[in-house]
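According to TrEMBL:
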- 298: active site (ACT_SITE)
- 357: active site (ACT_SITE)
- 380: active site (ACT_SITE)
- 420, 422, 469, 474: Ca(2+) binding site (BINDING)
- 290-383: domain 'Transglutaminase-like' (DOMAIN)
């Protein structure tokens with residue numbers, strides 16, 4: 001075996017990469033067929049796809065050579081090619097085409113021409129229309145010399161083509177094409193608007209079998225099962241394909257990929273934060289008979305959809321919206337309720353403000369809309385609300401969201417609400433009555449983020465979604481959105497202005513040092529009396545573990561104190577939460593919500609309220625690689641982790657992922673790591689692809705969950 005360090009799948013991948021001639025059984029007319037696999041796939045930007053079939057892009061020529069059992073006479077021989085896709089191909093639906101070699105070219109039709117010929121061989125250049133349906137195709141030939149007969153030439157896969165100016169997914173900038181179509185790794189942003197965290201993600205859209213899994217995803221969709229012919233015909237439209245994929249990534253209405261879960265109970269599957277990439281998820285779904293994989297949350301849904309869309313040839317990027325609204329009752333307000341006695345957030349409302357929410361943007365034309373709405377479109381596979389009876393969202397033009405054109409397709413009003421709703425805080429008294437403490441029109445929709453092109457930096461794209469808060473243009477868009485009459489915006493005028501009573505005492509949490517799991521959480525509550533009289537206060541301070549969706553899970557700390565503050569005076573109250581109070585409870589969440597309510601003693605009973613989300617980061621995990629970075633040459637990954645606790649870490653595991661570096665995730669059992677001890681693990685691997693690659697490692701234990709590290713490496717071709 002020439003490459004003993006490669007696993008079975010990598011050897012198949014290597015064999016396919018070297019296979020240039022693909023011969024198929026044919027009739028007596030055609031002896032053999034040569035698909036110039038390497039040349040065609042290189043020209044079509046699909047050389048990295050691990051498949052034994054030609055992977056082609058629409059609107060672009062490819063070549064095949066026919067070796068005949070007779071002499072080819074170009075002037076007298078008539079050759080007709082036939083392409084078919086889907087279970088019931090027809091010319092009327094555009095899923096079957098019959099076209100003559102060297103016939104007159106017809107716009108938006110298949111065509112073929114003789115590139116060169118010899119005595120018994122002919123090389124043809126075949127071009128698909130730029131609006132052809134994507135999918136698996138068969139290619140046949142009908143020769144008219146003698147008795148006409150149809151010969152099967154082979155099969156190929158046709159994808160969207162962002163390099164073709166006539167394709168509706170055309171993207172003019174090559175750097176952007178490399179980032180949004182070709183890059184197999186990137187980042188998904190998490191955390192909070194005050195503490196943004198970049199999580200590495202392995203998209204792996206060109207890994208072995210992924211293109212076939214993505215096409216299977218389309219084939220098991222309800223649209224295809226209901227009307228296969230119409231579905232295959234509509235696969236020419238990236239907008240249609242995007243809606244199908246958005247619905248199929250979740251499993252609410254269909255045999256979709258991912259089962260979503262947000263309650264922290266994952267014993268019969270995997271924690272959503274356990275995943276390092278899309279490939280394991282897609283392969284699990286496919287190998288289990290298209291049964292949903294457990295479990296995912298918004299970033300997993302979005303990242304897997306990004307993989308599928310890039311694989312199909314549609315430029316796509318994951319996008320994170322911080323302080324994202326989920327408005328269930330259509331009044332464009334997110335109501336939050338806190339108890340007066342304890343300062344706890346209570347579950348009085350179905351509305352929620354997520355620390356972050358991740359969707360994808362895909363680049364495409366929108367001929368179904370007026371001019372100006374082409375370009376980036378929001379697609380959201382996380383199942384939240386139904387769109388035309390199905391749990392999917394989009395494509396919603398980002399331009400329409402920016403301009404408040406909430407009546408346009410698809411789901412613009414819903415996404416507009418996610419970035420523009422108002423947040424209203426209520427204080428609930430012991431008798432059940434409520435005090436409206438504040439309303440803020442500027443909190444929701446912050447720091448909308450995606451990975452920058454060609455770098456590891458974060459790009460802030462908030463300006464693409466909304467004009468500056470409080471500007472004249474922002475107010476005009478606001479009014480236009482209301483005038484469009486969307487149901488979701490019908491009550492918007494009631495809450496169009498901030499509601500904030502000037503209070504004698506102002507509260508604010510100040511965090512000077514970042515919180516790290518295993519250590520004490522230290523925050524200071526600053527109280528300022530801006531009145532001319534002294535204040536006697538009862539202060540209720542509370543800390544709760546919060547899901548990133550804004551839902552409280554349990555209380556971990558509270559204090560009830562009294563304080564006196566002189567006029568125009570500031571005083572501080574330290575908040576200190578030990579690891580023993582939050583460690584085990586915070587395992588599947590990394591956010592602690594601090595709240596404080598001050599009630600003035602005496603007749604006024606005036607209340608003051610403040611809140612802060614504290615992100616608790618995991619201890620550091622280190623990843624380094626060594627060895628010569630050359631394709632098919634062994635390398636070594638070294639992972640280092642230090643246990644910062646005074647107790648042992650139990651059931652420790654590490655998982656290593658990297659498209660083009662590993663065929664599948666390598667899971668390693670570490671066992672128990674003693675208190676204040678360090679583990680150093682070496683994992684060998686052999687890269688199978690060249691170019692820029694990302695290696696990601698995840699560490700898990702009973703005490704710490706889903707700690708991640710990554711390193712980038714450029715793999716060179718063999719000399």
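Note that Cβ sites are derived from N, Cα and C of the backbone, with glycine treated the same way.
Remember, TrEMBL labels are computer predictions, not curated facts.
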Greatest C-beta neighbour count within 10 angstroms, which of the recorded positions 380, 469: 380
DSSP state at residue 298 (active site), helix/strand/coil: helix
Nearest of the active-site residues (298, 357, 380) to residue 469 (Ca(2+) binding site), judged by Cα-Cα distance: 357
Other same-chain residues whose Cβ falls within 8 Å of the Cβ centroid of 420, 422, 469, 474, the recorded Ca(2+) site, in sequence order: 441, 442, 444, 445, 466, 478
Shortest C-alpha distance to residue 420 (Ca(2+) binding site) - which of the active-site residues 298, 357, 380: 357
Candidate with the highest Cβ count within 10 Å, taken from the binding-site residues 422, 474: 422
Mapped DSSP class for residue 469 (Ca(2+) binding site), helix or strand or coil: coil
Candidate active-site residues 298, 357, 380, pick with smallest Cα gap to residue 422 (Ca(2+) binding site): 357
Residue 420 (Ca(2+) binding site): tally of other CB atoms within 10 A of its CB: 25
Nonlocal neighbours by CB distance (under 8 Å) for residue 298 (active site), same chain, sequence gap 6 or more: 354, 356, 357, 358, 359, 382
Where residue 380 (active site) sits in the secondary structure, as DSSP reduces it to three classes: coil
Inter-residue Cα distance where the pair is residue 380 (active site) and residue 474 (Ca(2+) binding site), in Å: 24
Other CB atoms within 10 A, centred on residue 357 (active site): 26
